[in-house]
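Peer 1: Under the heading CoA binding site, TrEMBL lists Arg202, Lys203, Asp204, Lys205, Thr322, Ser539. Feature annotation from TrEMBL assigns ATP binding site to Gly398, Glu399, Pro400, Asp422, Thr423, Trp424, Trp425, Gln426, Thr427, Asp516, Arg531, Arg542. TrEMBL lists Val553, His555, Val558 with the feature Mg(2+) binding site. Annotation source TrEMBL lists domain 'Acetyl-coenzyme A synthetase N-terminal' at 40-92. Annotated domain 'AMP-dependent synthetase/ligase' per TrEMBL: 102-486, in sequence order. Residues or ranges marked as domain 'AMP-binding enzyme C-terminal' by TrEMBL: 547-625. Per TrEMBL, the feature N6-acetyllysine maps to Lys625.
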Amino acid sequence: MTLDKKNSINNILEEKRIFPPSKKFAENSNISTQEELLSLKKQASDNPIQFWESFAKSELDWFEPFQTVLDNENAPFFKWFKEGKLNITYNCLDRHIKRGLGGKTALIWEGEPGDSKKYTYEELLKEVCRAANALKAIGVKKGDLVCIYMPMIPEAMFAMLACARIGAPHSVVFGGFSSEALKDRLIDGNARYVITADGGFRKDKVIELKQAVDAAIENGADKVVEKVVVVQRTKKNISMVDDRDLWWHELVKDQKDQCEPEIMSSEDRLFILYTSGSTGKPKGVVHTTGGYNLWSHLTFKWIFDLKDDDIYWCTADVGWITGHSYIVYGPLSNGATTLMYEGVPRRSNLGAFWEIVQKYKVSIFYTAPTAIRAFMKSGREIPDKYNLESLRLLGTVGEPINPEAWMWYKDVIGKDKCPIVDTWWQTETGGVMISPLPGVVATKPGSATFPLPGIEVEIVDKDGDKVKENEGGYLIIKKPWPGMMRTIHGNSKRYLESYWEYISFKGEKNVYFAGDGARIDEDGYIWIMGRVDDVISVSGHRLGTMEIESALVSHKSVAESAVVGKKDDLKGEVIVAFVSLEKDVNGSSELVEDLKKHVVNEIGIIAKPEKIIISDSLPKTRSGKIMRRILRSLAGGEKISGDISTLEDSSVLEKLKELS
Ligand code: WTA
């Protein structure tokens, strides 16, 4: 693990501009004064238990109240609101209908080919109940894991909520993952049920989801999967397996549109979501019901400054945590109107996003820096063609945003009147941890600003000592919070090792290590510097270098491989793989293409290496450890600095320099 400056740290070091919220925005915002914010922070630090208790009581509806706010007896396996009983779908749907909002639009959906649908809260509840009853009818029981492998269509949301309605945890797998990656996740989670579609539309192509499910089952997931439910989306021909595959529309059509919410304990699992870490196997991050409900709800409310008539749009996919917390649970728990789009901007329609903003008068827009950089590259003429007047608040998530992209977003999309909330968080944190509150906090381009009330962070060195102002260090979180992950599915040892035992903290126990580097400036603003572990972020998607290395090594021609990230203007980072081949195999351009294809088959298109460099050997220390630091410099075309005396054979370096 290194604290090198591989990310956009250089250009953010000099950033001095500061933008307070406009008077108009501040006046109308839900939290509008420094006093309010400071008072929240003070309450949280003076008496955290009371702080969380009061929000849990005021913001959520409970079927039975909790007695214990935080149980830290078995820390860091924390329990929140232990005795409380609730159902997140009740908080997302029923309670809004009960208070007369049944006719409010809950979901606006836009398909890539231009078809669209709207659902009111009442309609959404009915769809969810029908789906929930259908799941029960095929045998799904409370506690059974259901895998959802779907395009961005309304049924993906119905499926997630239907699972939550009946107490079956979901495991959503992003539709861009390959059948191999899906298979691993199905087996790891022991998912007996899969909900998928005949395909989905993305970039004017059809993604063949059902075929991938079939292949995953054929190649090993047959030992866990019993039933596959298929939504008809593309109407392309697919094969259905007797006694295993069922059509969604046939299954739900005769179901009752009422389904009592299952009474869940606060600590019952709500979902597993796989994410990448430092080691080869993806981690199934476990989130539970009460704490996650509160944190996704509260962060959405604070950060997006929701008003009754807002049209809110988060462009993420429900296959990622951002989609879970800020397309589905956070917005619905707050009674917002949330928009879902099946596609992404594509060559044939670079203005797709702005067309949607104009069409639906989107007022809050939340996207990723990589998308903003792509828009910048294709020029302001495209967004300038659309009416973006409805926008009042902009957000970003997923990776550090470079100040130029931030300024462009503010000027070209926000017309200099929308505050920008740069939100830092992770799959593991359940919801946003560091972000400006838009009506109160003056923003600096590229800084996620301050932790939210209740969240305590610090930047430390590898011994756990606090670093000086403006010095880079490891980002840690010092106190538990309700939305935190509970464990890694089936691997509590890895949970402890990855997050809680990585750095030895002086005298402090139960401190969460996020895996990111950061610094705090003279005004207390936090600047995220990127991952400090072996995780690469390609267009904001987290990928473990070891995961890609194992994929490469599983190819018959590969003896050894080392994968590093290379800085990229558009994607943040791209993947560069160094590979040595088995004896008697010749490196050819066909083999390089074949290896790229192999990685796509093993993991998915998001993991495709940008470049594969074939070399006789890789730079290693005398003890046999590959020196990635050197490979990173080589990939980035930088001078190799630092100590190379531990290198076993320095001639390797010369050869690699020629190849890179
Ligand atoms: C990175 C996505 C800088 C970070 C919600 C983190 C960010 C990882 C930001 C989590 C941000 C997320 N500024 N970096 N605003 N937001 N990251 O689990 O490295 O897919 O550890 O969750 O994304 O990625 P994940």
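Count begins at 1; order follows the chain as displayed.
Cβ atoms are placed via backbone N, Cα and C, with glycine included.
All annotation found in TrEMBL is predicted automatically rather than curated by experts.
Describe the structural context of these features.
Peer 2: For Thr322 (CoA binding site), applying a Cβ distance below 8 Å and a minimum sequence separation of six or more within one chain yields Cys314, Ala316, Tyr366, Val397, Gly398.
In the three-state DSSP classification, Gly398 (ATP binding site) falls within coil.
Within 10 Å of the C-beta of Val558 (Mg(2+) binding site) we count 22 further C-beta atoms, all protein chains included. Val558 (Mg(2+) binding site) falls within a strand segment according to DSSP.
DSSP assigns Lys625 (N6-acetyllysine) to coil in the three-state reduction, outside any helix or strand.
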Peer 1: Using a 6 Å cut-off on Cβ distance, which of the binding-site residues Arg202, Lys205, Thr322, Pro400, Val553 come close to any atom of ligand 1?
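Peer 2: Those binding-site residues that pass the cut-off, since their Cβ is under 6 Å from ligand 1, are Thr322, Pro400.
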Peer 1: Using C-alpha atoms only, work out the spacing between His555 (Mg(2+) binding site) and Pro400 (ATP binding site) and round it to an integer in Å.
Peer 2: 34
Peer 1: Which whole-number mean pLDDT does the model give the domain 'Acetyl-coenzyme A synthetase N-terminal' (40-92)?
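Peer 2: Across the domain 'Acetyl-coenzyme A synthetase N-terminal' (40-92), the average pLDDT comes out at 98.
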Peer 1: Which of the three DSSP-derived classes (helix, strand, coil) applies to Lys205 (CoA binding site)?
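Peer 2: SS state of Lys205 (CoA binding site) = strand.
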Peer 1: Whose Cβ lies within 8 Å of the mean position of the Cβ atoms of Val553, His555, Val558, the Mg(2+) site, other than those residues?
Peer 2: Ala551, Leu552, Ser554, Lys556, Ser557, Ala559, Ser561, Val579, Leu595, His598
Peer 1: In sequence order, which residues at least six apart in the same chain have a CB under 8 Å from the CB of Val553 (Mg(2+) binding site)?
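Peer 2: Within the chain, Val553 (Mg(2+) binding site) has Cβ neighbours under 8 Å at Ala559, Glu560, Ser561.
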Peer 1: Let me know how many other Cβ atoms fall within 10 Å of the Cβ of Lys625 (N6-acetyllysine).
Peer 2: 11
